[in-house]
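Taken from TrEMBL, the feature domain 'Peptidase M28' applies to 130-323. Feature annotation from TrEMBL assigns domain 'Endoplasmic reticulum metallopeptidase 1/1-A TM' to 398-615. According to TrEMBL, the feature domain 'Endoplasmic reticulum metallopeptidase 1-like C-terminal' maps to 629-808. Look at TrEMBL and you will find 16-35, 364-385, 392-425, 437-456, 477-496, 502-520, 532-559, 571-594, 601-621 tagged as transmembrane segment.
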Amino acid sequence: MGTQAPLHVQHKKLDWFYAPCFTAFWIVLYMAVVLQQVNHLPTPLTLQDEFTQPDSFITERAENVLLNLTNLGPRVVGSEANEVEAVTLILDQVFKVQNEMNQDYFDIEVDLQVVSGQYMHTSLYHGVQNILAKLSAKNNTSTNYLLINSHFDSTPKSPGASDDGAMVAVMLEILRVMANSKGPLEHPIVFLFNGAEEDGLLASYGFTTQHKWAKNCKVIINLDAAGSGGREILFQSISESSWLMNYYSKVTHPFANAVLEELFQFGLVPSATDFRNFRDYGGMQGFDMAYIQNGYVYHTEFDSFKVYPKASLQNTGDNVLSLAKSLGNAPEMRNINNYGNMEHFIFFDFLGWFMVHYTMNTNLIVNILVCVAALIAIVISLCWISKRADLSLLAIVAQFMLTTFIQTLSLALGAAFSILISYVMDVIGCSMTWFSNNWLICGLYFCPVFFFLGILPAGFLEYTKKYALPLGLRIQLFLHSHCLILIVLTISLTFLNIRSAFMFMVAVFFYAAALIGNLITQLHNKGSWFAIPVIVSQIVPFLYFSYVAEYLYFIFIPVTGRNGGASNPDLLIALIAVIFAILLSGFLIPLYLLFRRTRSIILCSLGVAILFMILAIRPIGTPYTPKLAPQRYTVQHANQLYHNADGSIRSNESAIYLYQQDRHIDIAEEVIVKFKAAHETSTVCNNEATCQLDRPSIFYTPNSLWLPVNEPPGIPYERPVLTLTAKTIMNTPNTVRYNYTLTGPDHMMFFIEPKTSAKIINWSFDKTILSRKELVFTFVHGKNNDAFEFFIDLECHSNNTNTQSLEIV
Ligand SMILES: [Zn+2]
């Protein structure tokens with residue numbers, strides 16, 4: 001032990017100027033590796049490349065299809081563009097493949113399904129369309145199919161390039177490549193181009209519940225979008241055993257994370273995909289993938305061909321082609337059942353380089369083993385420290401507990417301060433300052449956590465300068481404390497059945513590795529040398545956590561622009577920052593205590609936080625950028641007309657109706673102020689049944705703006721007409737059957753309410769919801785706009801025949 005420094009002597013601190021170099025190292029690592037990998041896309045292949053790579057996905061072909069599809073303009077269900085032009089375009093492409101394909105080996109069966117029904121009790125759909133192409137080998141005997149789905153309809157105004165035209169184009173190119181190949185293909189592949197997704201997943205439901213091939217479809221690859229291009233992420237997967245993940249692991253550009261699946265299940269992402277129908281009603285296992293980058297343009301007119309990055313086609317094309325080939329020949333497909341024992345998995349990619357996946361049982365074992373190993377290493381380290389310092393183990397444990405208390409307090413204060421800022425920003429009307437300039441988040445919400453993680457330990461070390469432990473050992477106690485906190489989090493989340501616990505386990509794992517390395521090499525005992533294994537061990541988790549944080553932000557930042565104004569969007573952004581600041585920097589910030597002028601260095605992070613707060617409230621923090629990050633709100637020229645039972649008009653008013661989609665009603669308000677009049681909420685509404693609903697409906701959205709105008713809207717299509725076609729006295733006492741027909745535009749909503757004296761006892765809709773108080777139906781028609789007919793059997797106990805017994809709005 002002769003080489004050790006004598007105790008009670010402080011180790012020399014490193015010069016302060018190493019601190020900025022240390023910081024720069026991590027920033028460079030983030031910019032050079034993480035930003036590169038998050039945005040990495042493959043080189044798109046052109047028609048020239050087809051000669052050298054005949055079995056590859058050719059982006060140029062898919063690009064042409066996408067251009068033609070988006071040239072049709074918005075493809076809303078019921079419109080000519082969707083029901084005729086898009087259907088013709090896609091069918092033409094399929095027939096072209098059929099004519100040019102390898103006819104010695106393959107068959108393509110084409111079907112156009114026009115389907116009607118009821119979905120989720122109150123969604124009525126009529127004549128929506130699905131285009132189907134089944135690719136199979138001529139000698140095929142397999143009855144188990146792979147299904148690949150995308151939708152060709154779009155939201156009003158949107159050309160739907162990324163959502164979901166690009167996926168349609170990808171599927172057509174995959175169909176072409178596969179049909180021109182020499183095989184093999186053991187299991188048929190059904191390509192489903194569905195024509196009604198945006199109105200609530202109607203067409204995929206129609207396929208799953210009514211098409212003759214649906215029960216043979218065992219595995220689904222669902223392709224959709226919540227952004228414009230980038231890499232498509234695998235964000236939901238369910239299967240019997242891990243066989244599906246084994247195949248996904250072999251794709252060229254893996255991008256996946258089970259954390260997203262969990263966030264999606266918790267409802268933090270306000271959308272749903274067709275995957276739900278295939279899984280819940282078709283019992284299929286499979287993959288749900290979507291574009292998530294540039295969510296600002298999602299469902300807007302800016303989701304255009306021009307904005308969509310074409311290299312994304314290559315990325316998705318390579319991945320889905322690889323999956324189609326491998327699943328189409330997978331031995332596991334031979335014995336597979338719908339509604340088998342489905343499992344969730346832990347899965348994630350590392351920087352797009354490779355996949356990691358394991359079962360939930362393994363997850364439990366791994367989380368516990370890693371935590372136990374880390375705990376043992378910490379205990380051994382404490383014993384060594386006690387021996388080295390010639391202090392009792394109890395004294396060291398007491399010191400460790402104190403350190404853990406300070407570390408916990410630092411984390412809590414950092415988190416609280418960050419969250420406090422999110423409230424302040426909201427209260428002063430400056431929420432969403434990072435909406436366009438995302439980098440503001442770093443100063444606003446990360447730096448406060450960094451500051452508290454540094455300043456309290458620094459103060460404590462200064463205060464206990466004279467304490468018998470050398471600086472290096474006391475810093476190691478802080479690192480151990482942080483590890484202990486992460487162990488507690490890992491174990492708690494694991495037992496709460498939260499799959500994302502694995503993220504904390506990863507942090508524990510890499511620190512435990514450094515600690516074990518230090519114990520073996522005895523570097524923990526040599527001044528500042530313990531820092532080397534710690535720094536090396538932090539490179540992988542730093543890359544991983546900043547990579548995940550990066551794409552969680554590019555998912556959630558645009559989401560705050562469209563999930564209503566009810567909650568403070570800064571809070572969500574601050575919470576993500578707190579979690580990732582803890583994961584990213586918890587083992588790095590204590591290392592700053594090795595540098596001279598520690599407190600000045602740590603104060604810099606507070607300085608950055610303050611600077612960014614000032615910037616945020618200046619013009620630089622204006623949330624929106626025209627076209628790139630636009631504000632969303634809905635403006636409708638509306639007319640509400642109430643009739644009495646005798647057909648006379650009870651009230652008739654027109655208005656400009658505006659409701660916000662984000663926190664900034666104040667900015668949306670400027671739009672309505674341009675109409676040079678005050679706004680208010682309709683008072684007619686207060687007395688009418690439609691406004692008593694719990695759910696927000698038209699004219700009843702909180703904080704909506706309502707500007708009465710004299711002019712009724714010029715409606716370019718037929719108005720809805722509800723006609724009572726028959727009134728029949730039934731055999732059951734006091735019961736009358738009312739038959740109605742409804743005609744009108746492709747999208748209608750109606751509301752049915754029996755008055756107190758009456759009761760609906762039967763009708764043509766779903767009978768399981770007869771007892772519900774709110775009966776709001778949506779009605780969508782696709783190709784088929786015949787009159788919609790329905791009946792209601794009403795039991796009436798009032799003798800007064802003039803009493804109103806039923807209201808239909
Ligand atoms: Zn979509």
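Going from the start of the chain as shown, residues are counted 1 onward.
Heads up, the Cβ atoms here are built off N, Cα and C, so glycines get one too.
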Result, the transmembrane segment (601-621) in contact with the transmembrane segment (477-496) (3+ CB pairs under 8 Å): no
Result, the transmembrane segment (601-621) in contact with the transmembrane segment (502-520) (3+ CB pairs under 8 Å): no
For the domain 'Peptidase M28' (130-323), the mean pLDDT of the predicted model: 94
Interface check, the transmembrane segment (532-559) with the transmembrane segment (601-621), three or more C-beta pairs under 8 A: no
Of 364-385, 392-425, 437-456, whichever stretch has the most CB pairs under 8 A to the transmembrane segment (571-594): 437-456
Non-local residues, at least 6 beyond the ends, that sit with Cβ under 8 Å of the transmembrane segment (16-35): 351, 539, 542-543, 546-547, 550, 588, 591-592, 595-597, 600-601
